[in-house]
Structure formats: structure tokens, C-alpha cells
Amino acid sequence: MDMDRGFYRKVDVPDHAHYVIAFFVLIIGVVGVTGNALVMYAFLCNKKLRTPPNYFIMNLAVSDFLMAITQSPIFFINSLFKEWIFGETGCRMYAFCGALFGITSMINLLAISLDRYIVITKPPQAIRWVSGRRTMVVILLVWLYSLAWSLAPLLGWSSYIPEGLMTSCTWDYVTSTPANKGYTLMLCCFVFFIPLGIISYCYLCMFLAIRSAGREIERLGTQVRKSTLMQQQTIKTEWKLTKVAFVVIIVYVHSWSPYACVTLIAWAGYGSHLSPYSKAVPAVIAKASAIYNPFIYAIIHSKYRDTLAEHVPCLYFLRQPPRKVSMSRAQSECSFRDSMVSRQSSASKTKFHRVSSTSTADTQVWSDVELDPMNHEGQSLRTSHSLGVLGRSKEHRGPPAQQNRQTRSSDTLEQATVADWRPPLTALRCDRNFLPQPTHPPYKMAAATPLQATTVDNVTPEHWNKHPNNNHKNHNNRHNGNNNNEEHEYSGKGGRHCQNHPHHIDVKNSISNCKKTCEKDTFSKEPVPCNAADDVRFSPRSAHTIQHAMGTPFRYMPEGDIACQERLSTDRSQRGDPLPDSKSLNCTGDVPVSAQRCSFPHETSRNLEESFMAL
């Protein structure tokens, strides 16, 4: 054995130095193994946590768990013996595992940052890139990349030797040979500094995007009265998800920065100035990176805390106190919020307006970074990609029939029945985690692509009967005529002529242009005001086309009305099972023939259609 390489050699330091190191290593091992095991256990117990963005969290927990369980016991035993006792082969395996799991954690954090970057700054691209299959492919590439760097010293590019107090092993960054210096430089660049630069760039762009979105809301002011609540909520959510991932990455970088600095000092030729303590302490700090993430989740991630409190009795104190539940259960995370969002004060009376708005809250993204699954309460829809909603500040104004239904007193609203008050329909699988939005300025839309959609909640069977254009049979007949290219159905008086009007895609001039009138079309015999053409919905054919093109992420119910939708089991809907037709829902005579189909909610319909046409 080459004694100069350090095997079996003791370092002349006081014994208590080894014992202090052993104590901290023991703490790191116990906390790292237990904490990351709880993270994995929580994700295995709660199916709703198993979303694609959360796969990165699971992968990070796995790598941290393996880091703690393979490094801490051996490090602890060697510290008690005050030397390396497992031989050269053991040193190589120990160092290989440390390099593999440490690099995996770093590159996994890079993947998390890129995921968050795409979600927040490029929503149209996110709809195509963020999926379970792609996430698994990215995770596989992360492990292969880490494996390549970890195998290099075993194959002759550098080597693994004891370090510090000779109780731990790593690659040889001290010996000044071309192979060792080349490996050290390349490893620091491609595993630490370049990923760190990319991570910093991603978070800078996310911060600027979120800040710009907030300023846009302030600038628009009252022009976005009906959508301000949704926009503010989604911006807060995206920022909270970003902060969760940012905290994880900052802690990890601080853990490995001292170690990277020590290796670069040795690479520069000043290794002789490094004492055994200056080599051992950074190594211990680096291995401690495996214990921080469980604490971050326990503090920030409410669903993680609730899951552990439910399945681990001794952790009951992690459960959140119950929240007050409003009529629409608006406090539930990752769900459609059906709430009273705007109160208009006037000299004569106060009006309440119901609008369907998308609500998300603290999670995954986890995400994720997504970090937040579907909620048990109410109809659910994950919406992480929502900053683009700022591109649509135009206030939605429905036809008079809908506006009349929106004006109620507060007492009447509290006593709303199924016929009068209905939650918005669920049209997406929650585990897909996207509500795509266009960037600003908006991209050019294809022909026959309306940018508005109706809020189906307020449409009664009587409203359907008053508007023949809404009749399902009439719509199919129009498809059989000269308008076979028409992919959409209108629930108001409007026609397809208004869909290409500038006010639909021009945010700045939307208010003024809405006062103009649109030209005549085959559906309307007279000029139609723009605000009467804001009620566009998917036809069954269009919906199924989107369903096929997007890989079946949508759930569309061709038959049955809103009453049928209400009778869906929340558990069945959350599992992503196909929605049944009206017969299997035991719908009775309260289902009018003229309402034999359900449609997407207002914002969901509009945004999904835009993203589909942009593909």
C-alpha cells in the first residue's frame, strides 16, 4: 500500500477532534436518514402528492437518504478509531457513493430550477414539456450524468483517497498531477459553478417576471376588477413556490461552497497551506446538506405536514389548525374557487358578482416545487402556469341574461340552491399541473380562434332555450352545412366574426375597442356589439380534438348538465377516472334535453384553446 497516498495513516490531532467530528456526523446521519425517510413515506402514502413536479422532490429525498445512510455510519466509525479502517476498496466505494449522491442532488436542483423557470416565464412551452414521462426522463438523465462523473476516478481519471483527518474519502484534489488537476477543474465547473450560474439566471428571470406581473396588475387598476383576485392569488402562489425551491437551493449551495473553495485552493497549488481541519470541516458541512430539506418541507409544505401527522401518530403536532370554510370552500388549495370576488358600491345599491377564478396555494411545485396536490374539497384543478393571465385584463361581460343572474343580494347568495348556485365544472386532471397562458405580447392566433369563453355556472336551462344557437342539434347541423370549419359554439348572441377582432388579442386597447361593433356573419343578421360575443365555448368535436392532441389530459362530459356534474364523487374525480355520462350519474328529470352537454369554465376554456391552437 502506498503510504504516501494516505491509507492507514493517522493525522496528528487531538483525540477529542475526532470525537467532535464523530458526534456531528452521527447527528447528520440520524437526522438525514429519518427526515428523508419521512419525506419518501409521505409521498408514498399520499397519492395526491405524486405529481410530476413532485417527482423531483422525491428524487432529491432519495439521493439525500442514500447520501446519509452510506456516508455517516462509515465516517462515524472511522472517527472513533481515528483512522480509515476499511481499506482501499472500501475507500473507493465510500467516495464513489458520496460523489454519486452529492452530484445527483446538485443536478437535481438544477432540474428543479429549470422546471420552475419554464412554468413561470414560458407557460405555453410548459404545457408541452411538463409531464410525468418527461419528468422521469429528466430524472434518469440526472442520474446518468452523475454516474459518469462518479465513475471517472475508478476508471483512471484521478483517484479516490482519504482526506481531512483520514477518516473520510474523496477524489484526489491534493496531488498535483495533470489528471487530478484536470478532473478537479472540470468537476467544479460542470457540477458546481455552471449549474449554479444557470440556477441564478433562472431565479433572476422568475423574480423579474413575478415583479413585472405585480406591477401590471397595479397599472391596470380597475380594468381587471373581476380577474384581479385570481391574478393576485396565482402570483402569490407562484412566488411562494419559487421561494420554497430557492430556499432549498440556497441551503444546498451554502453547504457545498466551502468544499468547492478548498478543492480550488488545492488545485491552484496551495494545498500545502490547507490544514487537516480545513479539509475535514468542509467535508462534514457538505454531507450535512442531506438533512436540511425535510425541515424546509415541515415548515413550508402544509400537505407534507398533514400527511405525516395523519400517518405518524407521534408527529400529530405538525397538523395545521382547521381553517374557516366559506360557502365555496375558497380556502382549499389547487381548486376552482367559486366565490364572491367583487363588490361594487353605488349610490343606489350593492351588487355581488360571481366569477369563476382559479386558485392555487402553497405546495409543491414543488412545483416542485409544485408541492401542492389536489385538495379533497370541491372540484379540483391544478394551475401552476398562470402568470400569463395578466395578458387578459379585459373585464368579461356576458349577455344580459347572464348579467341579470349575477346580481343578487348577499342573503340570497348564501341560500343559493343547486339550480341557482353551481360550482364551475372540472375540466382538467389535477395531476397535470398546468393552466397554460400566452406570453405578452400575445402570439398570433390561427383563424377561427376565439379568445373568450362563457362562465357556464350562470347559464340556466331557460337561457339555453332562449338562444337557439346553443342547441346541440343546431350546432351539429351547422357543422353539416357551409360552416364545417367552425370548431366552436356560441352561447350568446355573438358570432364567429368577432373572434378575430383586435380587442380579443390587444390588451392595451381592449376597453376602447370593445365599444366598436363587429361585421355581420352567417349566424347574425345584424351588427353585434363586441361585448355580446364574449361567450364562446368548445363544441364536443373541438373538445375531443384537443383531448386527442394533448394526450388525453382533459376530462370532457358530452352529456348531462351542471346538476350531473355536482353529483360526481370528489374522490372519483381526483383519481382522474373518466367522467361518466348522465345515465351513470342517476340524473333524473332535472336534466333538460337542451342542456345535454357540459363545458369548460370561463378562464380554463379560453386558455386551453389558445394553447392548443399555438401548438
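A Cβ is built for glycine as well, from the same backbone N, Cα and C atoms used for every other residue.
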>> Tell me whether Tyr19 and Ser275 fall on the same side of the membrane, as recorded in Swiss-Prot.
In response: yes
>> I want to verify the bond table. Which candidate from Cys45, Cys97, Cys169 sits on the other end of the disulfide that Swiss-Prot records for Cys91?
In response: Cys169
> So what's near the transmembrane segment (57-77) in sequence-distant terms, Cβ-Cβ under 8 Å and 6+ beyond its ends?
Replying inline: 21-22, 25-26, 28-33, 36-37, 39-40, 43, 50, 85-86, 90, 94, 97-98, 101-102, 104-105, 108-109, 112, 139, 142, 167-168, 248, 287, 289-291, 293-294, 297, 364, 366-369, 371
> Which residues of the same chain, at least 6 positions away in sequence, have a Cβ lying under 8 Å from the Cβ of Lys287 (N6-(retinylidene)lysine)?
Replying inline: Val25, Ile28, Met67, Ala68, Gln71, Ser72, Phe75, Gly98
>> For the topological domain 'Extracellular' (78-93), what's the mean pLDDT in this predicted model?
In response: 91
>> Please tell me whether the transmembrane segment (20-40) and the transmembrane segment (280-300) touch - that is, whether there are at least 3 C-beta pairs under 8 Å between them, with each pair 6 or more apart in sequence.
In response: yes
>> Treating G and I as helix alongside H, and B as strand alongside E, what does DSSP give for the topological domain 'Cytoplasmic' (115-136) in helix, strand and coil?
In response: 19 helix, 0 strand, 3 coil
>> Let me check one thing: do the transmembrane segment (245-265) and the transmembrane segment (280-300) come into contact, meaning three or more Cβ pairs under 8 Å with sequence separation of at least 6?
In response: yes
